[in-house]
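**Q** Could you have a look at this structure, given as structure tokens, before my questions?
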């Protein structure tokens, strides 16, 4: 009997480093937010919640592990 490779599955959510399109501010956000995430400098919406993965409205620079 073969054992599964991953006994403990890894989460599908990630932290993302994004760049605001309006002001260029870099900020770290969660990929599955429960509330709307806004830019700390200009207040533009970066990520909107959808019940699962959020709609990312900023440029993704890096996916953090």
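Note: Cβ is positioned from N, Cα and C throughout, glycine not excepted.
If you look up Swiss-Prot, you'll see 20-42 marked as zinc finger. What Swiss-Prot lists as Zn(2+) binding site is 20, 23, 39, 42, and the listing cites sequence analysis.
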**Q** Excluding 20, 23, 39, 42 themselves, which residues in that chain have a Cβ inside 8 Å of the centre of the Cβ atoms defining the Zn(2+) site?
**A** 21, 22, 24, 25, 40, 41, 43, 44
**Q** Taking each of the binding-site residues 20, 23 in turn and counting other Cβ atoms within 10 Å of its Cβ, which one has the fewest?
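**A** Relative to the other binding-site residues in 20, 23, 23 has the fewest Cβ atoms within 10 Å.
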**Q** I'd like to know which of the binding-site residues 39, 42 has the most other Cβ atoms within 10 Å of its Cβ.
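**A** Result of the Cβ crowding comparison: 39.
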**Q** What three-state secondary structure does DSSP assign to residue 42 (Zn(2+) binding site)?
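**A** The residue in question, residue 42 (Zn(2+) binding site), is coil (DSSP, three-state).
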